[in-house]
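Beneath this line is the structure, given in structure tokens, with notes to follow.
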């Protein structure tokens, strides 16, 4: 007997089914090559050859001569089939041992482990020698009932509905409270500029007097040191901090628990410090019954949260779109297959319905008119038209006759076909497409990885810079008070110099934190 080895070759540059046919046709003619199977989506060729006549490197060279890129894949365990079964009727450890030892003796089973507690069996096998149905039969012969672990075909793990809802809610809450805060802020700015003009000219028109009064309404102190403006801003800021920022706080807490600093940590830091500082400054002003209203930063958190939650919401909407497409793809897969046994001269002897997962390579599958092809295969008998638009986008049905390849998920139209399964389970074209899309979704864009890495260094350095700012201004203040006096607006002599310095230093460092919070980075 001739020994037959198997190797896998990674093939690049294939664009369509005719490339596959081209490689298969040309290589079959070569000496020492027993059979070849090429998977287009996976870009992989499985070659069985006679090692006495030809070597894998020579096979790759042959493919290269046809104009494709080819490299031999080392230690490729892709060939192993994995089977998850639910086994009923086991009562004790000896049942487990009986199943395991019998399966391990079976030719083609590479590994087997049975768990009594969960009634589950995990089996690795070589699909060349044995198939899932044979394994199930072995277990049945031992007197146990067994069934496949049902796979979740709904692609629910790709659902972004909950995240979309959560970020949308977060965005709307922040926006509702952000608009009035922004309004107040802009109004104050305009008023301030008008006031300074008025002071410059000393002769106020009636209109400017009115403007002065209306601006005074916002500056009016409800309690000593607490102006209407600050009180309103505080009220509007609390719900945003609580509800709008809720998810950021959770994420930031998780990140800090693992000793990492991500975008969320910075956002939370900037908003919390701005909020807490403003709140404390208000309390201090009220305690001192200050005449001049302190400068607060209540406008920072709502605006930051609005922009960032909008960004996150849009991101999840985009992800949800690809997931929908994926879910549709997954739903195209057939769930059952009709396997037939052929006698001499292709006479039908028997047929049975089985789960798609149980179809083995080399099985003869019957597909009736209007049925879906459960697996990729080759037509053995019958003529028909097939709608392959799901894979190729080709609206016109394609004629299929013996020898043609068919794609899983495409729809048979008018004739009954018998096909021989070539790619089953995770190797079908459809499964490969689903896998590619899933991988594309889970992997990060290089720029995104870079941004995450940067923000790892960025967060500590920004915090450091703002702390430096704080101490620098405190030192400057105590050395040369006049500089602080020049920049600190609304300094009135009733407050001690030390307090003015500290307040000013805090204001400067918070400003640094808030401005450096890389909103632009996060949004981008």
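Just so it is clear, glycine is given a Cβ too, placed from its N, Cα and C backbone atoms.
Features of the protein shown, as given by TrEMBL:
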type     : residues : note
DOMAIN   : 5-71     : domain 'HMA'
DOMAIN   : 81-147   : domain 'HMA'
TRANSMEM : 171-190  : transmembrane segment
TRANSMEM : 222-244  : transmembrane segment
TRANSMEM : 265-287  : transmembrane segment
TRANSMEM : 457-479  : transmembrane segment
TRANSMEM : 500-523  : transmembrane segment
TODO: Take the domain 'HMA' (81-147) and average the pLDDT across it for me.
DONE: 88
Task: Residue counts (helix, strand, coil, in that order) that DSSP gives for the domain 'HMA' (81-147) - done: 23 helix, 24 strand, 20 coil
- [ ] Mind tallying the domain 'HMA' (5-71) by DSSP state, helix then strand then coil?
- [x] 22 helix, 24 strand, 21 coil
Task: Other parts of the chain folded back onto the transmembrane segment (265-287), taken as Cβ under 8 Å at six or more residues beyond its ends - done: 223-226, 230, 233-234, 237, 241, 245, 248-249, 252, 255-256, 293-298, 300-301, 304-305, 308, 455, 458-459, 462-463, 503, 506, 510, 513-514, 516-519, 522
Open item on the list: Cβ under 8 Å, sequence separation of at least 6 from the ends of the transmembrane segment (222-244): give me the contacting residues as numbers and ranges.
Closed with: 169-171, 173-174, 177-178, 180-181, 184, 188, 271-272, 275, 278-279, 282, 284-290, 293-294, 296, 298-299, 301-302, 305-306, 309
